[in-house]
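Annotated domain 'KARI N-terminal Rossmann' per Swiss-Prot: 14-208, in sequence order. The feature NADP(+) binding site is assigned by Swiss-Prot to Cys45, Gly46, Ala47, Gln48, Arg68, Arg76, Ser78, Asp108, Lys109, Gln110, Gly158, with sequence analysis given as support. What Swiss-Prot lists as active site is His132. Look at Swiss-Prot and you will find 209-344 tagged as domain 'KARI C-terminal knotted 1'. The Mg(2+) 2 binding site feature in Swiss-Prot is assigned to Asp217, Glu389, Glu393; the stated evidence is sequence analysis. According to Swiss-Prot, the Mg(2+) 1 binding site annotation covers Asp217, Glu221, on the basis of sequence analysis. Swiss-Prot lists 345-485 with the feature domain 'KARI C-terminal knotted 2'. The substrate binding site annotation in Swiss-Prot covers Ser414, and the record cites sequence analysis as its basis.
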Amino acid sequence: MANYFNTLNLRQKLDQLGRCRFMDREEFADEANFLKGKKIVIVGCGAQGLNQGLNMRDSGLDISYALRPEAIAEKRASFQRATENGFKVGTYEELIPTADLVVNLTPDKQHSKVVADVMPLMKKDSAFGYSHGFNIVEVGEEIRKDITVVMVAPKCPGTEVREEYKRGFGVPTLIAVHPENDPKGEGLAIAKAWAAATGGHKAGVLESSFVAEVKSDLMGEQTILCGMLQAGSIVCYDKLVADGKDPAYAGKLIQYGWETITEALKQGGITLMMDRLSNSAKLRAFELAEQIKKSLGFLYYKHMDDIVSGHFSATMMADWENDDKDLFAWREATGKTAFENAPKYDGKISEQEYFDNGVLMIAMVKAGVELAFDAMVASGIYEESAYYESLHELPLIANTIARKRLYEMNVVISDTAEYGNYLFSNVATPILAKEIIPNLQKGDLGEPTPAVEVDNITLRAVNDAIRNHPVELIGQELRGYMTDMKRIAVAG
């Protein structure tokens, strides 16, 4: 198999990268009806598999789970999750032959094996679904031509897919139809019904492409969503301790700080996050963000280039063949960092204190979001997709750090995201430690920024620069579709 994207000519590549249309709510008037009465079999019962299945069942669809015989016989976690929630469970041979839609929600590295096992069992003119297009785009998987291939990709972890649905809402979602596999022209109808069944249509759906989803998703998770948070956590904690701060306080400030400051990001973008600061602190955060951009800009664009070319995927798949040697080594090293082993702090940190004492962290968020967004757009990805894969998902990932620090983040995200995170953070961490940390001033981290005289012209120019960045302009529009967003709990 060959990387699908690299088999396309330039016109086709640009067309696929630029597929992005925000769908009108009226297009989902039929909701999940197209799939009602059809048999839907989900392969895999992890976070996405279970929670999408629960939502789809509650939307009136016929859902069952196909698991490997050993998972059933040994009553593994996937079997227990499915059966404890009252789902029918069977082997591939028992369930796949009668399925109208088979949804593959296993980890990326298992996709080729799953396809090889289930495709011979699938009935003629059935459909096959993904929630991430890596197997199609990067691996170059070829699916039988009578099978319709679609994607529904919720832009958040599986647990949030369920929680938002239970509230009567949903999470923003990308849908796509593989252009090589839509023999009956039903792909879009299938994807729309599936998205509606998960609740995604209530938060906004982008009609995209497998290519655009994969390239933007990989970029976001490697850089701002995971890599920048990991690098920032490590260097900020080390700096606080080096400055004599209580290690327990430093650990809590970082662990819960990302979640608290990005909650403002979720509700009102970078503008609101920066508005939580005093004028003096805002100007300093803006200055620090510009310095971070200069230091890390090349790394963001390198990751984007490596993703588009397929170099990243080839490197990671080589590690798959080597039994994930690099992945496991990097995971172990992360577990040994000082931040991961910081003592517990029982004192209270107010919401505003996270902002006042975390100016450097805010600067990292601002710089990281803007760099990731700009790199994606410069590579042909539309602004809507770039927004969802940078700013929108950041509070959700920050929430995982609040639960159990970097360990939890790396457990929740996919192995693909985790591998990319390490590639980025392993380079970004020493750069930040060498070029940014030594030049910090009093009040950049761990204590409030001293008040200085601020002139109106400078403040106006900074405010204009913040509010008029393209990620803020498109974000204001897209957040209008998400007016019922749940507020993530802020720790005390």
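These residue numbers are counts, starting from 1, taken along the chain as shown.
Glycine is no exception: its Cβ is also placed from the backbone N, Cα and C atoms.
Shown here: features listed in Swiss-Prot, placed on the structure.
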residue	record	DSSP class
Arg68	NADP(+) binding site	coil
Ser78	NADP(+) binding site	helix
Lys109	NADP(+) binding site	helix
His132	active site	coil
Gly158	NADP(+) binding site	helix
Asp217	Mg(2+) 2 binding site	helix
Glu389	Mg(2+) 2 binding site	helix
Ser414	substrate binding site	coil
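Across the domain 'KARI C-terminal knotted 1' (209-344), the DSSP tally of helix, strand and coil residues reads 114 helix, 0 strand, 22 coil. Ranked by Cα separation from Ala47 (NADP(+) binding site), the recorded positions His132, Asp217, Glu221, Glu389 are led by His132. In sequence order, His132, Ala153, Glu389 make up the list of same-chain residues 6 or more apart from Asp217 (Mg(2+) 2 binding site) whose Cβ falls under 8 Å from its Cβ.
Arg68 (NADP(+) binding site) sits 20 Å from Ser414 (substrate binding site), counting Cα to Cα.
Around Gly158 (NADP(+) binding site), the C-beta neighbours below 8 angstroms that are at least 6 residues distant in the chain are Gly46, Ala47, Gln48, Gly49, Leu50, Asn51, Gln52.
Neighbour density for Ala47 (NADP(+) binding site): within 10 A of its CB lie 19 other CB atoms from the protein chains shown. Looking only at Cα atoms, Lys109 (NADP(+) binding site) sits nearest to Ser414 among the binding-site residues Glu221, Glu393, Ser414. When other Cβ atoms within 10 Å of the Cβ of the residue listed as 'active site' are tallied across all protein chains shown, the result is 24. The DSSP secondary structure for Cys45 (NADP(+) binding site) is coil. Taking only the Cα positions, the spacing between Glu221 (Mg(2+) 1 binding site) and Glu393 (Mg(2+) 2 binding site) is 9 angstrom.
Recorded residues Ser414 (substrate binding site) and Cys45 (NADP(+) binding site) have their alpha carbons 14 Å apart, per Cα-Cα distance. Counting only same-chain residues at least 6 apart in sequence, those with a Cβ under 8 Å from the Cβ of Cys45 (NADP(+) binding site) are Gly53, Tyr65, Leu67, Ala77, Ser78, Phe79, Arg81, Ala82, Leu105.
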